[in-house]
């Protein structure tokens, strides 16, 4: 522990020396401390020439103290002159004993600084105990003073019981307050858990919607491809009909046209050919679907990169790939998932 105090003194023509050597005998606050447990330091900060100094007179101040070896040392500290340099900043820390001497001039020269007292940890505890004992003694003296009314001394035990009751009540209030804080914290934690659970549910719903949206897109693509194949089959049928009309068997069709009664037969013949065309179309669709199932991993990766509705969770991703690309092999699914997860981290 350390304490700091302001320090100041002056040197004049009649007071040429100032000694600084504080001791425990002069300190009322440290009566019970050892001299080894306390240290004094003086930090000089400023030297100022007084207003009554003589013009043109040089004032020289010398310091006398002990060095590390315990030898006596004398050294000029500063020099002041009115009109030239009337003050001098200082930054010197010294320990007692110290003597300041005005070796030249008549002053006045004013010294100022900081007096710091360092107290060891053991002595600090003793000092605190002494302070507590003094406070208790003061309270006892006040209570035992004859100047106090008798009624007050009689009421003291009651005040003590009241104080105990107040302390008990305060302790109970503190306990209730702590319990209430704990309850509030638990409620806050529960609310946070509920919010997090709701957020997770929302994310799952979004992933499900994305997955369903991806399946719908795939089904639409398949329907469009089927429609395109149907259109191609219809075009092929029309071309075949055109070729039949241009073939050498044209007189037979002309005869059929001449006889109106046989139009139904001709229509029936054309109708008999249509189911065969439809069967061809179904065969082509089956072949087209079979080709779709056999997709290379690079093609699947390309489609996944183009799609914006791919789920970002492993299980949903695998379900999506199974449904969209008809892949059931666990190794391929795991490879695709590893590639997709790496692409997300880029």
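The backbone N, Cα and C atoms fix where each Cβ goes, glycine too.
Per Swiss-Prot, the phosphoserine annotation among the candidates 88, 145 falls on 145.
When the Cα atoms are compared, residue 85 (N-linked glycosylation site) and residue 2 (N-acetylserine) turn out to be 35 Å apart. Reduced to three states, the DSSP call for residue 85 (N-linked glycosylation site) is strand. Long-range Cβ contacts of residue 2 (N-acetylserine) within its own chain (separation 6+, distance under 8 Å): 116, 117, 118, 119. In the three-state DSSP assignment, the secondary structure recorded for residue 2 (N-acetylserine) is strand.
The number of other CB atoms found within 10 A of the CB of residue 85 (N-linked glycosylation site), across every protein chain shown, is 12.
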